[in-house]
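Working notes, structure below.
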Amino acid sequence: MADAEEPEKKRRRIEDLTDKMAVDGGHRISGCSWDGRWNHVRKFLERPGPFTHPDFEPSPESLQFLLETCKILVIGAGGLGCELLKNLALSGFRLIDVVDMDIIDVSNLNRQFLFRSNDVGRPKAEVAAEFINSRIPGCKVLPHFKKIQDFDDSFYRQFHIIVCGLDSIIARRWMNGMLISILSYDEGVLDPSSIIPLIDGGTEGFKGNARVILPGMTACIDCTLELYPPQINFPMCTIASMPRLPEHCIEYVRILQWPKETPFGDTSLDGDNPEHIQWVFERAQERAAEFSIPGVTYRLTQGVVKRIIPAVASTNAVIAAACATEVFKIATSAYIPLNNYLVFNDVDGLYTHAFEAERKENCTACSQVPQDLQFPPSAKLQEILEYLTENSSLQMKSPAITTVLEGKNKTLYLQSVKSIEERTRPNLCKTLKELGLSDGQELAVADVTTPQTVLFKLNFTA
Amino acid sequence: ATMAATKASKEQKYDRQLRLWGDHGQETLENAHVCLINATATGTEILKNLVLPGIGAFTIVDGHTVSGEDAGNNFFLSNNSIGRNRAQAATELLQELNGDVSGNFVEESPDKLLDNDPEFFHRFTIVIGVQLPESTCLRLGSVLWNASVPFLICKTYGLIGYMRLVVQEHTVIESHPDNALEDLRLDQPFEEFKNHTNSYDLDSMDKKDHSHTPWIIIVAKYLEKWLSEHNDQLPKNYKEKEAFRQTIREGIIKTDGGVPEDEENFEEAIKNVNTALNLTKVCGVIQLIFYHSSCVCRVFSLIHLPVRGTIPDMIADSQKFINLQNVYREKAMQDAAAVSKHVECLLRSVGKPPESISEKDIKLFCKNASFLRVVRCRSLAEEYSVDSVNKDEIASYMDNPDSEMVFYLMLRAVDRFYQQHSRYPGVYNYQVEEDINKLKVCVNSLLQEYSLSVNIKDDYIHEFCRYGAAEPHTVSAFLGGSAAQEAIKIISHQFVPFNNTFIYNAMSQTSATFQL
């Protein structure tokens, strides 16, 4: 009996020890490890469970994948970006690139916790990377002090997952468009290996949202463009002659008085220059006094001129946490990812709501369906331009319209280059017929909101 | 000079949050002393989101030493601090975040402090307890309840986040509601407003004035006419409101050919008829507040609240708009002055000096009179006692066996497991399987003790063993943001805290709030 027991006991003892080690002991990877370092993470990678993703297989190799192979791109090193870098680093990700074109400002310090007052003026991406790499041994964050538009598809293709903490809808749409442009189709069927998941987070005061986008498969940014209503600007007649609110007085100075009086020479109004804001503030006070309007303050002036959105650490922490959880789920197949949109609001208690945003059949970005432009031949080109900018599903900023006429490329209108703008401006007053356009004509439209031109088909109405 | 410079630089640093809670809100933060018990990842994440916005001081109470695990999921514990006391190590790196904040630590377990010096906790503005076992929570809960110190309990357990707020009575003057109705009093126009509307004669105005008359005046004018023709009865149902809108529509200037001109102000009037005719009444919640607390607006509780004094922007020329705005502002000031007088009397009658409640506070109160909120949480003792457990709430949510309520019950069961076995289930790989049955026993004894006839699926029991009491960073960070903001609400008395149990499920990115 004793002899039979021994090998069984021995086997169990060894198993026990190995099990204990598997949880307690760190794998000696890259020499940046200590006992128990990844215990909290490994329970989700090395144990089976009832709620895991159908593709999930517990394995000690998953951690290795995170530590040594999985490449993540973080876009933005601000309120969300700092949180994302921390969250990813402490979840086992080490190969992280971060892109941000901004430098640090003192007003960032209340929430962008990787920066200190000494860092003001330095590039966010660089300081963030330095801090994370120094605080989290083994983490290799690579900074890029650049705009996202400075990179082409060859840069973006190298990443397994991209996570955005941007503060601009234009930039989001551009990123969205980039990932859609690198999708490959085999005889009309999407090749899943060309999909780079995009996790997108956004916050404003006490509200935030996080979404999971699988380009070509799930709703993209442009599919739900109506969720981002265009910014309301005050009507010019109110600003010019009928102010009622302190904001109207401030806008008057910014839009009309500054260009007229050029108080600091030929420089444009710089919201970050306290002298400029002080000038606007004083003139706005004068205008307000003229109309007996109360409420013009320095803080309000700055807020209006810079279009400041209030921000706190807590909302960014919540949204970045949700985003990082999704990155982890997708990278490891540990759980089924969010499908696909989460909203959060903690003004009154805490409110979350997760729902599936639907793809738009004729989405300008991801549907591959040429967009329909319905206009009579007597319509002026100006009307098409207005449609492209004002339509809530398009919301283009300064579209450049080109077409092919008599076998040659012709620019119908382009705003961003002064000489071309002047040359093509008369076209705006011409009718589509006068411009030589015919029914079914294809117009190629380029805009900052997308890295690829969008094709439109002209459909003449009566 | 240095004080002014510091103030200016703080204004710049905190600019983005001052736009949310104002200078007075910031002041409450800077006077606050927060206690954090246990500098685990969840704890330090919560504290980070309080240090960054500039609370006055924090004190970390923690008797543990930093383990390898701790240094692996916590941004504020480096591997160099392994073996050192956790409170001390975390304080260093949290303090470094913001020089305006004063950081302290106590290398002691909360149980020891409760044994030797429970009044230690009385000094804090709020106590945040993280990853605490049930017995400590209950002991601490009782001390803090009796001392009226708000207590926020937080726990990250695998992919589940949990928060429990314990505060006897928390009043909120500035709740900042997202969708507040305007306070225009069109159904009960006050004297000065009536005089102001009488100064307008829509029929004799020139076109420019007609098109730039504020919609509030337009509705008031047409309402006056309607009331005289309908026996002083306001339009009540859809049919009547539509008829009323039509009278306004007919007031739009027409060209010689009978085509209505473009009068945006009239369109605004028509659009706003629905909400403009809301009856001015004291809403139910406010009545409750007046009845229960020694609120100074008792005098108004039977009639109406002080006029708010603000109007929304609308199409109008500057002068007409400002004049109308001033009518409301002046009435609001009058009402606030009347309230002030009554406050003075009340204070005198209870032997308190009239300056005990400032003018500023009275004005703030009056401006927010429609939005006052009170949050009263049940004590932990009430939640846990068999006699007062909220069976109905638990059972009704568990009608859906996948409701977030199941995680609340699992956390209670896990606490029970800890009490019995002095460890959490499934910490080591080899324990996972065998602990499932042990945990199930705890689940059943919990349900039996509270006579809860609910069904908890085996999958959840398995999952909670699988978690092995892990505290993954991203879930800690989610709770870190959530809890910090609730603490800020408690400290600043702005915005409304949750009541009283919050569960976050990171697997499905869902959450729920229960009142237990």
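The backbone N, Cα and C atoms fix where each Cβ goes, glycine too.
No curator has checked TrEMBL annotations; they are predicted automatically.
Quick look at what TrEMBL annotates:
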- A:Cys237: active site, glycyl thioester intermediate (ACT_SITE)
- A:373-461: domain 'E2 binding' (DOMAIN)
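In three-state terms derived from DSSP, A:Cys237 (active site, glycyl thioester intermediate) belongs to a helical segment.
Look at the domain 'E2 binding' (A:373-461): DSSP puts its residues at 22 helix, 34 strand, 33 coil. A:Cys237 (active site, glycyl thioester intermediate) counts 9 other C-beta atoms within 10 Å of its own C-beta, drawing on all protein chains shown. For the domain 'E2 binding' (A:373-461), the model's pLDDT averages out at 91.
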